[in-house]
Structures are given as structure tokens and as C-alpha cells.
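Enquirer: Annotated compositional bias 'Polar residues' per TrEMBL: 1-12, in sequence order. For 1-32, the entry in TrEMBL reads region 'Disordered'. Residues or ranges marked as transmembrane segment by TrEMBL: 96-113, 149-170, 201-226, 246-265, 272-296, 387-409, 430-449, 469-489, 524-541, 553-574, 600-620.
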Amino acid sequence: MATSEIKSTPSPSGMAHQHSRQDRVENSDPLSTTTRRKKLGIYFAESDERRTSIGGGYVGGTTPVNIRGKPITDLSKTGGWIAAFFIFGNEMAERMAYFGLSVNMVAFMFYVMHRPFTSSANAVNNFLGISQASSVLGGFLADAYLGRYWTIAIFATIYLAGLTGITLCATIKTLTPDQTNCDQISLLLGSCEQAKSWQMAYLYVFLYITGFGAAGIRPCVSSFGADQFDERSKNYKTLLDRFFNFFYLSVTVGAIVAFTMVVYIQMKHGWASAFGSLAIAMGISNLVFFVGTPLYRHRLPGGSPLTRVAQVLVAAARKRNAPFSSSDYVGLYELPGKRSAIKGSEKITHTDDFRCLDKAALQLKEDGGNPSPWRLCTVTQVEEVKILIKLLPVTACTIMLSLILTEFLTLSVQQAYTLNTHMGQLKLPVTCMPVFPGLSIFLILSLYYSTFVPLSRRLTGHPHGASQLQRVGIGLAVSILSVAWAGVFERYRRKYAIKHGYEVIFLLPMPGLSAYWLLIQYCLIGIAEVFCIVGLLEFLYQEAPDAMRSIGSAYAAVAGGLGCFAATILNNIVDSATGNVKEGQPSWLSQNINSGRFDYLYWLLTAMSVINFFVFLYCAQKYKYRARPGLQTEPSLENIPEEVRKPDQAES
């Protein structure tokens, strides 16, 4: 809530005079004392003498600079959609490589490295999880030291090195076990020659190098693309909304290519050609990214965000017992005017959330003229920490969607192996089935502005059809429908298999049951992704502190990684809790899908999703969008209190 009234104190004596005047007011009016203590923003104090380890004050912290860190004199020659399209190309290739590995690596480990299907799926889930969860490292480096451009450049090169190593693994026979006399039956019986430990170690090393490269790129690309648009323009909100939709469209196109063209190359020309095509695409995208360098707008890195967070926590702990009514109290500390002590950041309006953290900005007489930042922090620095905390609950609620997506990536492919994948005379490979969520995403994004926005605008009155949090909520609601339908269809598919004598021969397709019934759950999860992930990315970019936007974007990637880990953990728990090897009782996740109970797992996920959805509604209802000077903010999902709208309490 923006209720700040900044009062300047140019000298210590002036601050003492202000404090004395406040004492007289408080003593004469107890009710006024209570009110003002609730609105801590009225206690702001300013000083021109503030010097921290981070540096001095910075004017226009979000002002774009060129690659040398100098202000751009003519913005018309940089940024905008032209620069963004170079970034879209890089993201398209990176996602193509990422999804190409995720859909093919399970099969590669099973058919070439001769690993059990379950352990192969878990290994790939862990790869996906680590790759996404470690994105916070890339966000940290970008915000703290390197900037988003150099972080993308460095980690894209690492990404290319990892893909090259994987291509060599599929090319050089020494790096894989002997394939002689290893047919389909031998694979199912586990009698093929197992990969040696050093061969698996080689594959894992380059697989995780690839994941490390993706982790550095992912949190920076969307933020770097959004940086190309001017926050001061009148249609900034519209441009940003369209950018994130186009950004996710490029992600989708990369996924579609991975699920079709790369799968086709693998079937016709082998694993080496498939993985090699990913490496070539990544190399071309890196070249395109560097070609666009003169057009890019950059934002200055603001120094270590983790250090700033630690300073706030330490300073607040030191002054935890200091009351705001103390006789030594001067005010809440902030720099004067528009300046901020944090490079790359504008000042942030004080809020009354997490008041315990305001103790870090509590200036006492004993602090002196030049206190340590580990003892006294600016209000902007404190508000950074508050924002990071406030973003956590909403982001955490999207972990459930990632968990469902991860389960679909493996379980629905197993379902497809038992179904008829013919479309007329054309037979689609099972590994192509995940392309349908991508196609549904492509269709929805194409119709988003012509269909959804006008219809929803009539219902909500929102200029963009729905607020960012409303879009996330719509996505989570649709994901419930998707996983519920998956449970219904799997129950029908299993009964059909048992009735027609396919219970044992679970890898033989059933001609009478089409795999295209899976399209319903695929299309629904695609719609869920469009609303939830795109809304979340835009939400995190706009709400995150100016100097922490890469870390803000990393929140979404970390949530995705935690969803992958959660899928592995859930599968292990379900497998051990529902199966009994001694008694011959198969688990829900039995390798023989017809004797397992995938439908029970889907319904368990449905119940978990419903609970998660109501938790999200509570968090969204409580969330207040960040007030940004000069920008139109999103309306909160809760009713705005009348006193907040009073002119005398507007932000100064």
C-alpha cells in the first residue's frame, strides 16, 4: 500500500528538530499516534550523505544503456520489436533443444544405453528439474554482475558444448554398449548388454552441462526481451502483454519442431543426426543472437541481490528490539529525490507489509552519519526483500501445473504405445504425441487477441481481458479439467485392454482404440499453459524489483524444476506404497500399464490440483499489485479499501 510521505532532513540538527516536532504531536493526540504508527511511511528520512558498498545513488536506474554501459541517446535506433525478434529466435532454438532432449532422451537411454524405462524416465525428470531449479544461478549472475546479455552469451556457449558432447555419445560406438542381438524382446527382458558405468558417466556429464547452459539462459531471455520496450511509453502495458504472448509462441514453435522434425530425423537417420540437428540449431541461434547486438537495450546489473537480502535480514535482526517510538528514533532511511542506492533500480514506495523488516531501515541517532549497510538499509532495499517474499506463494502454486506436465510427458506416452496412432493412411510415431499440446498452444495464442480478449473484456472490464493473476488462475483451473479427463479416459482404456485380451501384451497397439482420445487432455493442458505460464512470466517481470528481474523470472523456472522433482518423488512414493513384489501385487505405475492403475494416479493429481487451486485463490486475493510511479498498475483481486483511494494518502 503506497502511503508514504517523505520528509527531508538535510542535517542531523534538522532531523532532531523534526523528531521533536513529532514528539509534541504524538503526545498531544494519542489517536494520531496510533494511526501514524500503522502508516510507517510518514517516518521517512532522507540524507545526501549515504554511501554504501554497492555505490552511490543512481538517477533513472531503469534507463536503458548500450553494451558499454553508457546511456542511449537515441532510443529509436534500438530496442522494440526488431530487437525482440532476434531474442525470439534464440529462445526458439533453445526450447527446441530442450524439448528435443526431453522427448528423446528417455528412449535413447532405454533403446541404446539399455537402462530400465522407469530409471530412464526418472533420470530425465531429474535432468529437467535440476536444469530449471538451478535457473536462479543464472538470474543471480545476470542481476548481480554480468547483465542479461552476457549471461545469455556465456551460457548459450555452454549449452552448445553440452549438445555437442551428447551428439558424440550417439555417434561414437565406444561410448555406447554393444547393440548386437538386442531386439525388442531382449530389451523387455533386460538381457541386452548394460551400459558401463563410465559410459553413463560420460552421458550424464554432458547432459548436465546442457542443463547448466539452459539454466543460465532461461531466466534471462524473457526479461532481456521485455527490456527492449520503454517503460515510459503510454502503451507499455499493451506492448509487454503482447511481448510475453509472442515469447511463449516462440517457445511453442521450438517445442513443435522438437516433437516432429527432430523425431522424424531420429527415425530416418538415427540418434546421431537427431542430436546433431539440435546442436546445429543452437549454433545458428547463437550466431543470430550476436548479430542483433547493436540493436539491444541493456540494464545495469545492480550488484549482488543476495548480499542486499542478507543485509536487510541482518540489520532487521540487530534492531528487532528497537521500537518505532524510541527517543533515539530518526526515521525510516531513504535517499532523497528519485535516486536509489541500488544500481539499475528506481526507488520503491514503502509498504506496511512485513513490518518486522522495516527495522532494517530504522535510523537511530546512534547510527551516525555513515553507518554500515549491515546495520542500516534504505527503504528501497527493504522493499526489494518484501517483494521477493510476496512473490513466493503465487509462484509456488504453479508447481502443481509443472508436476502434471511432467507426468503427462512420460505417462501419456506409455498410454499412446497401447493405442492406434493412425490418422487415415498416416501413422504417427508415439514420440510425436506431445506435439499436440504445442499445436493447441499455437492455436490459442493465435486467437488470443481476436477471440479471448474481447470476450473476457466484456465480463471483467479489464483492458487486457484478465489481470495477470486471473490468467494464472484460469490456467490452474483448466489443468484440473485436463488431469481429470486423463483419469476418466485411462480407466476406459484399461478396461478395454482387459476386455479384448491385451492385458499381458501391453506394448502391442489396440487397433480399435484411437490414440487421438488423448488429444482432449493434451489440448486442455496446452490451454492451461498459455494462461498460467504466460501470465506468470508477465506477472513476475512487472512485480519483481528493477534490479532483480532475472531472479524474478527465475522464480517461474524454479517452480517448473520443483514440479519435475515433485513428480519423481510422487512416483517413488506411489510405487512403493501401492506395489508389493513379494506378493506379486503390481503398483499403480507398473511397467505393464494394463495391470497398473494410472487412472488412480491421475485422480490423485486431480484432488491435489483442486486443493492447490483454492490455495492460489487465497494467495491471489491477498496479493496487492506493486505501485509503480507513472505506470498504470494491475487491479488487485481483492477490493481496494476506500482510504487507500483518498488523495491525501497518494504517493508523493
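Even glycines carry a Cβ here, placed using N, Cα and C.
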Enquirer: Near the transmembrane segment (430-449), which residues from the same chain, at least 6 beyond its ends, have a CB less than 8 A from one of its CBs?
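Expert: Sequence-remote neighbours of the transmembrane segment (430-449) are 99, 103-104, 107, 242, 245-246, 248-249, 252-253, 255-256, 259-260, 263, 266, 408-409, 412-413, 416-417, 421, 515, 518-519, 522-523, 525-527, 529-530.
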Enquirer: Do we see three or more Cβ pairs under 8 Å linking the transmembrane segment (553-574) and the transmembrane segment (469-489), pairs being at least 6 apart in sequence?
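Expert: Answer no, regions not in contact.
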Enquirer: Report, as numbers and ranges, every residue of the chain located at least six residues beyond the transmembrane segment (246-265) whose Cβ falls under 8 Å of a Cβ in that stretch; write 'none' if there are none.
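Expert: Contacts of the transmembrane segment (246-265) (Cβ under 8 Å, skipping residues fewer than 6 from its ends): 84, 88-89, 91-100, 103-104, 221-222, 225, 273-274, 277-278, 429, 431-435, 438-439, 441-442, 445-446, 529-530, 533-534, 537.
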Enquirer: Could you check whether the transmembrane segment (524-541) packs against the transmembrane segment (387-409) - three or more CB pairs closer than 8 Å, residues at least 6 apart in sequence?
Expert: yes
Enquirer: Using a Cβ cut-off under 8 Å, which residues of the same chain at least 6 positions beyond either end of the transmembrane segment (96-113) come close to it?
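Expert: Here the qualifying positions are 119-121, 123-124, 127-128, 131, 159, 163, 166, 170, 176-177, 179, 187, 195, 199-200, 203, 207, 210, 214, 254-255, 257-259, 262-263, 266, 271, 274-275, 277-279, 281-282, 409-410, 413, 431, 434.
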Enquirer: Sort out the residues at least 6 away from either end of the transmembrane segment (469-489), same chain, that have Cβ-Cβ distances under 8 Å to it, and list them.
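Expert: Result: 394, 397-398, 400-401, 404, 408, 412, 460, 462, 517-518, 520-521, 524-525, 527-536, 539, 599-600, 602-603, 605-606, 609-610, 612-613, 616-617, 620, 623, 634, 637.
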Enquirer: Do any residues of this chain, six or more beyond the ends of the transmembrane segment (600-620), have a C-beta under 8 angstroms from a C-beta of it, and if so which?
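Expert: Cβ under 8 Å, 6 or more out: 393-394, 397, 400, 403-404, 407, 411, 469-470, 472-473, 476-477, 479-480, 483-484, 486-487, 490, 574, 578, 588-589, 637.
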